[in-house]
Every structure is written in structure tokens, then in C-alpha cells.
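Peer 1: The annotation signal peptide is assigned in TrEMBL to 1-16. Feature annotation from TrEMBL assigns domain 'Beta-hexosaminidase eukaryotic type N-terminal' to 17-68. The domain 'Glycoside hydrolase family 20 catalytic' feature in TrEMBL is assigned to 117-436. The active site, proton donor annotation in TrEMBL covers GLU273.
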Amino acid sequence: MYFLFIIILGLHSVEGVWPLPQSITSSPERYPLNPQAFYFTYGSQSAAQEGCSVLDEAFKRYFSLIFPDYSSGRFYSEVKFLQWKNESLETFSQLVYQEDFGSYYVNKTEIEDFPRFQFRGILLDTSRHYLPVQAILKTLDAMAFSKFNVFHWHIVDDPSFPYQSRTFPDLSAKGAFHPMTHIYTQLDVRRVISYARMRGIRVLPEFDSPGHTQSWGKGQSDLLTPCYSGSTPSGTFGPVNPILPSTYKFMATLFKEVSSVFPDSYIHLGGDEVNFSCWKSNPDVRAFMLKMGFGADFTKLEAYYMENIVNLTAALNRTSIVWQDVFDYHERIPKDTVLHIWKGVPASYEAELRAITKAGYRVLLAAPWYINHISYGQDWRNYYTVQPLNFSGTEEQKKLVIGGEVCMWGEYVDATNLTPRLWPRASAAAERLWSDEKQTSDVDKAFPRLKDFRCELLRRGIQAEPLFVGHCKHEYQGV
């Protein structure tokens, strides 16, 4: 995606444009902006024209962000955008600054900008702790400010099943932490999708199986594998039972609903961390393995299951994303499937990038951006210095790396600490996925911009934690 905008107004320099555009040239020449005499308009060469709801809403939203003390503006200001996008509005909003006496200015600036990677995601886990819709919407706001464009909604997992299914209402009625207060209704989901769309963000749902499904079994009998202790059932259950036709009938019906609720062309099917011990203990599963010629190789049984599930979603005209385990187990999956790398230190995920792209699959990198892990100090520096294309491979292989993702798993995260733990640390990865790597390789040069950007987040109501000692002109004003 390519866009260019030129601000014909006049400028002084602003530290905190984040993420850094591909090229930016500003002049000390500056012009005042009068909030009572300013509004955005469509450029004559813009691909979108009046009546585009996404941009009309963005114009209103960004007016309030640029001029927080004013509620409305009129009058045409000479700001010429050759092609409007939410991202270019975001950059412009960061170029406007307020001096000590309250006047607003913008400097003459020329910018050429486009994202380095097309997929720039944030994963939120709403199973280990339920996140209220408002917390998700606040995250979407902050994502737009950092130019993330995919919300990966890891909506269900072992601990709880908060998604309220029309077709299988017992899944949330019995599998959620609470069947009324800790669920996402169909209306909630539509609200999140609509809110995200207005900010240029896609919503990617994940229904991970066959592992990570303990909560599913509470509301869907015969879905999970009964575990055995010797020759008798132990009363516990393992992963989804891959040997029953009823399993695939259930999954086909559920994913048909999911594909009608979530409009995105991608769906995440999981496929990670399957514990084979329960399958091994079950005599019916072992008999099925022999019948299928799998021997004692349970990775083949997982492959059998995942291949069936991928085919179900392909029939619904959806492209599957799966965790790297599916590739590692040599499963036969369509070539348009996207592999998602979550394991390992740089050496191992670089080897995985090389192997997956050599096999011709597209890939997403998440391994270095598990920011639910915290440590004392400026760990954002580690996220900033990741090099997603630093693996041996051809140019064609590197083009198969379509982006990356920041993951916030929820064992120790709920609405009380989500925002400060996520921001501005995630913004370090945002610049790596958006900006030119050569221009943004110096962490020390990035620091003052990120520090300013964090202050801008505070001013916009995002409770972003500090990077180091210091202060902001506009400190966080409470909830």
C-alpha cells in the first residue's frame, strides 16, 4: 500500500512521529492552526471521496485528537492530501503541536509513507482472564495510534469459553467464567468488529484446537477425548477427540457460524501444544491409529485432525492461519495457509523462517514479541532490535514474511493492567513492522521519539507506562 501526503502549511520539528515514515523532511517554517477555522477535506486525487463513512468518522475523531480543547471545527485549511488513509491522519495528528500559551502549530513537512509489512498484529487473550469490551475498544484506539492493523482475538482457550455461539449456546453457558457477565454476545462481537473497521483494523478470530479446548468440553459432550487410567476411564479429558465423525460435524457447524460472524478472510485455527498423553491412554484412539496405519506416531493423528479442520475452513472460503507446530509435524495443508511462529530464541525462529519460506508458505513472526513476559528495565529495546528478515534465504523467500504480531497472553493480565503493560512497549514492535529498518536501527535515537509518543498516548487517554525517569507536559488524568 502506498500513500503520500504533503502538508502545505509550514513547520518546526516534532520529535515524536511514531512509527517513523519512510521519508520525512520538515522545515523550521511553521504555521498556526486555528481550531475554530479548520477542517479536513477530501483531496481531488484521493481514492476515496465524500460519503466514505470510515474517513468521515476519522476526520471527526482526529479533529478531537489534534485539538483536544475544542469540540468542532469549520472552515477549510490548506492541508492537501493526495490520498487519505487513517494512517496518514495519524501521522499528521502527531505533527501538530501546542506551544506554552495554547496556540497550535504545524511545520512545513513532506512525507512519503507506506508500511514495510502488510500484517501488523496485536493478540489479546480473553480466555485466561475476561477482558471487558471497553478494554478491547481502548486497545483498538491505541493500536490505531501505532498503526497496527490486525486485532488477533484469541477469544477462547482451556480456562473459559466467553464467545456466545448462536448455534451452540451451551459452550458459553457452561464454559464461560460466568454465563451472563463474562461472555461476548453477538452484539459485543459486532461492536468490536465495527469499531476496529473504523480504525483500519481487521479482526482475526482464533478458535484453537485440538488442544487448549478444556472449556469447550463443558458445553459440548463427546467432543473431548476421554483419558484412561489403565483400562478404565479416569474421568478427565484431553484434546478434541479426532476419531469421531461427530467431531468434524460439530466443527463444520461452529466454523460456519464463525465465518458468518467474523467477516475477515483469515481465520486462525491454532494447532499448538497438543499433549498426546490422553490420546495415548485411550484404547479407541490407539485402535484408530492402527487402522489408519499411523503406528504409534501421534503427530500423524494431529496431522489427520488439522488437515480435516483446514479443509473445513477452506470450504467456507477462508484462509487458515495456524501455529508453527502444524508445519513442524509435516502436516499436509494448502499452500495458501499462513504459518505463525511463536517458539524460540532468534537462532531457532530464524531457522523456522528459513524452513517455512523455503517450503513456499507465507509466515508471521510472533516469537520475539511475547510482551506478556516482563522484566525490570527498558525491555522495549529488545522488541525494537528484532530483524524479521534476518535469515538466510532468497528474496522470494523473504517476500513470504507478511508481517508480525505482538502477543499479550492473559495468565497475569486483565483490565487492571492490560493497557500499561501493552503500551508503549508494543509500539517498539509497531515501528519495526512499519518503518524502514536501516533508518530505525539505532535504539538511542528512537528513545526520545518513543518518549514523546508515550506522552501523546497519555494525552489521548491511554494509560501507557513510563519508559524511564521524567515527566510529560500532559500527565495521565485518571480513568
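Even glycines carry a Cβ here, placed using N, Cα and C.
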Peer 1: Tally every other Cβ atom lying within 10 Å of the Cβ atom of GLU273 (active site, proton donor).
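Peer 2: 13, counting other Cβ atoms within 10 Å of GLU273 (active site, proton donor).
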Peer 1: Tell me, roughly as an integer, the mean pLDDT over the domain 'Beta-hexosaminidase eukaryotic type N-terminal' (17-68).
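Peer 2: Mean model confidence (pLDDT) across the domain 'Beta-hexosaminidase eukaryotic type N-terminal' (17-68) is 88.
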Peer 1: Using DSSP, what is the helix/strand/coil residue split across the domain 'Beta-hexosaminidase eukaryotic type N-terminal' (17-68)?
Peer 2: 17 helix, 11 strand, 24 coil
